[in-house]
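Visitor: Dropping a structure here in structure tokens format, bear with me for questions.
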Ligand code: SF4
């Protein structure tokens, strides 16, 4: 009689008891090998995929131009605030030519709640002009073309390439930068150098989603001031475990976002 063994129960996350104490992770002690770091980076990516299955760009958009404009507006403010102003903005200026010929004062009024509205409005009008004169009114796909646009840096260019054109890109924003530092995946301070180092660790096809997951993690669990270490799904792989409260109750109170219940169930081993 053939016998099919019962599948092993899946326990995707290490139990809290197995989490390392602060300072005891090989990465914290400086004894991690390059291969160990790559394996750990990919394991972190897999755990974050379980934790944030809906990770995505949190800016609302329906075409590349809208995403480009929303990303320019997102500097120094929250995505929520940008999403509050963009419906009226997108309705008033549906094409690059509309921005090129816009009254800058009218643009300023529409985007005022996002802060730095004078500089941002000037950028949007100049961006429209450049798109019309150099790119036939279309948003270009190439990185070097995108960064030639007013108000568009590497981070914005990768957001647009990854989310509007499906081209893998690493979005090194403040959350990403803080997280790769805490995780000791990169010790660089310069965003371009960070991007290069992380590109060596994570598979290219995962770059865009890894960026979203890390940014979600930074917004919901690994906060800048007080990270929720005691309720962190990647604590086992984090050399900075203990940077925030490790007491589960105290840490859980710091977990935010719509995914909160799912995250806590995952950490408690109630979800596979
Ligand atoms: S919350 Fe704590 S354990 Fe988790 S990644 Fe951040 S510093 Fe590391």
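Keep in mind that glycine also has a Cβ here, set from the backbone N, Cα and C atoms.
Okay, these came from TrEMBL:
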BINDING   222, 229, 232, 238  [4Fe-4S] cluster binding site
COMPBIAS  1-15  compositional bias 'Pro residues'
DOMAIN    73-220  domain 'HhH-GPD'
REGION    1-42  region 'Disordered'
Visitor: Within the domain 'HhH-GPD' (73-220), what mean pLDDT does the predicted structure show?
Guide: 95
Visitor: Taking DSSP states H, G and I as helix and E and B as strand, how many residues of the domain 'HhH-GPD' (73-220) are helix, strand and coil?
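Guide: Per DSSP, the residues of the domain 'HhH-GPD' (73-220) fall into 102 helix, 0 strand, 46 coil.
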Visitor: Rank the binding-site residues 232, 238 by the number of other Cβ atoms within 10 Å of each Cβ and report the first-ranked residue.
Guide: 232
Visitor: Under a criterion of Cβ-Cβ distance under 8 Å and sequence separation of at least 6, what residues of the same chain contact residue 222 ([4Fe-4S] cluster binding site)?
Guide: 178, 179, 182, 228, 232, 244
Visitor: Around residue 229 ([4Fe-4S] cluster binding site), how many other CB atoms lie within 10 A of its CB?
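Guide: Other Cβ atoms within 10 Å of residue 229 ([4Fe-4S] cluster binding site): 25.
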Visitor: From the centroid of the CB atoms of 222, 229, 232, 238, the recorded [4Fe-4S] cluster site, which same-chain residues not already listed sit within 8 A by their CB, in sequence order?
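Guide: These residues sit around the [4Fe-4S] cluster site: 182, 221, 227, 228, 234, 235, 240, 241, 243, 244.
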